[in-house]
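Following: one structure in structure tokens, then a few remarks.
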């Protein structure tokens, strides 16, 4: 009989081995041998195991700082190699043990330790020759059971290293079977957890080549992910390996299958698809944990791969706002872990543009462009004759020219449409021109259309900004040529067709514009509401107002806008409409009023305009747009109240002295101009959301004001000054700094014979918006026709205003050229007067019912 101490130390050794407390094992083994000499074999075996696994544990900790591709791509690298100076003595000790006197359990343990020694020595043939098999061996949650699992997993690694993939896969399946049959709890023994983790990570990796179907692989990955979700991993590296395989699989499935594919209805695939945001974010967090300091060159590999996979998945799924913001924050974390990783900033540009953070996208783009330029300079130096002097330059991940062009095309639209930055547009144009020349990209059919299209957008914007007629004409020709070259290679490029049609229409080539926009709508009838709006305005140029109204009605039917029911209710289905589509519908409603006015007169238009307000409230979920206002101490925010919506008819009953905010259709506060504070590039999730909702709220507010201004204009034309004033008060409540409020108020005062007051209001309007051609022309007309002040001074100022107007945004406004002709006539310059009169007539013959600038967005994503 052995003493109680012997039994105690035997249990202690078992417990210590299962817990992986390798430093304590030598002392426990010594005491066990002292009290029970018959346990000498297992004691020596335990000490060999402790020495070996202590070295492995230390090496695994170093892996976090050297996360190399071979570590994850080669499964056997998950067990690090150890120097022979460390392992040879251990193997000699193992060989010296008298295995003949060992029990069956001790023999199993010896085999597992021998396998581990062969693996760390990279003696894979010797490991395979052991011909280990777990078949028929009962499994228990003891040190022997752990060794059985360990030997099975190591045999799989050895077979894989010898290119016996099928045998390796069968071994790892056996290991998974052992784990599943054992029904291991959520908190297994630490050493058992280590080998379970490794088994599942190998299972996930080997599924790449071993599975006969994508569905089978999805099932395996789901099983592996479920294990790591339910169990706390001892080594996060194994969880990282599994997550990486799941992300790669999901990206492949999404990229190679359409959204309606049947594969997404299968349970395991559906589960991965529905949980992709959490999978991606968890994997990104693991990468951050495994990268403890900034990495450069090849060590960026996994971060760069993650960015590419996450971006591809995002592109091929529903791009929800919250998920996009989470990805942005993850990328910002990676900027502190990677060095010169262009892909981070490339994806940031896409994500930030999607959530409409255009200024921040611009900052990311500037960094991206800087890194691209520097990396290409490095490559150029390395490929030069003096490359040897630059041998210290670390390798970097350089974006392909095609990727650079794609990012530039996105930012070209941002700078042209949203930031209105001519300098940046010119810089991008120069940059892509240089890249196209350096890499001869115009000969590549996969990228040349995008280059031509981006150039077309640049020249269109330059055309719009030009204040020199000859320069404007040159930019027009260049933009048309660029779009045409794009369409030669991609005849059905809808965005290019739209941009070309817009360019023709703005240049008053109406026939060409109509031909192109009809071609666009044949390719895709539901391309955009703006494209139909463009066709309507083109039709109105030839005074086909009834046809334009019919087109608008057909658009309403196509996009789900139904007529008012007999009981006054409206049936609307807008579930598939984006926010921009809804905004475009509102502008289309205003154009419908303009067409009615041109076709049937002002009074007939007044009878239908109340429907516009009702539709407006139906198009937008007004309760969704809560916006904070600055500048009011007693009222910091207001709610868009659906219940307070009133028709325009009710405004007819408002007396002219009403100054309070009662009766406002949307109940916006009096002061709606907002001053956006400067924010850091890494905003909180709530900050992004607040800014996004604020922009949306301001847009809805702007459209609401636009409707009131339209109503005020109609009332003025009908001679209803009181109703016009009431409508203007409503518009002023929304934004008291709106130039058109003062413009229409000025026209109202002039209509009442109050010339001085009217002039002052027009002067304020011009001060607030000196670039608005209609305001400038109205002020010039007032100066020329007014009876106050010296005629020569009034004429000189009118001349200056009209000169600026006709050179810039009012070059195509007939009224501006008419009053310019009047000035020349008064000055006796009949030649210039005749030219201006003639140009006025030409423009009037092709004048739409509303200006082209009402078509927004002017530039679609290239």
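Using N, Cα and C of the backbone, Cβ positions are placed for all residues, glycine too.
When you go through 632, 647, 672, 687 in Swiss-Prot, the residue listed as phosphoserine is 632. Here the candidates are 637, 650, 664, and Swiss-Prot annotates 637 as phosphoserine. Per Swiss-Prot, the residue from the list 628, 633 bearing the note phosphoserine is 633. Residues of the same chain lying 6 or more positions beyond the ends of the repeat 'TPR 2' (460-493) and with a Cβ under 8 Å from any Cβ of it are 415-416, 422, 425-426, 445, 448-450, 452-453, 499-500, 502-504, 506-507, 523, 807-808, 811, 858-859. Helix, strand and coil content of the repeat 'TPR 3' (494-527), in residues and according to DSSP, is 27 helix, 0 strand, 7 coil.
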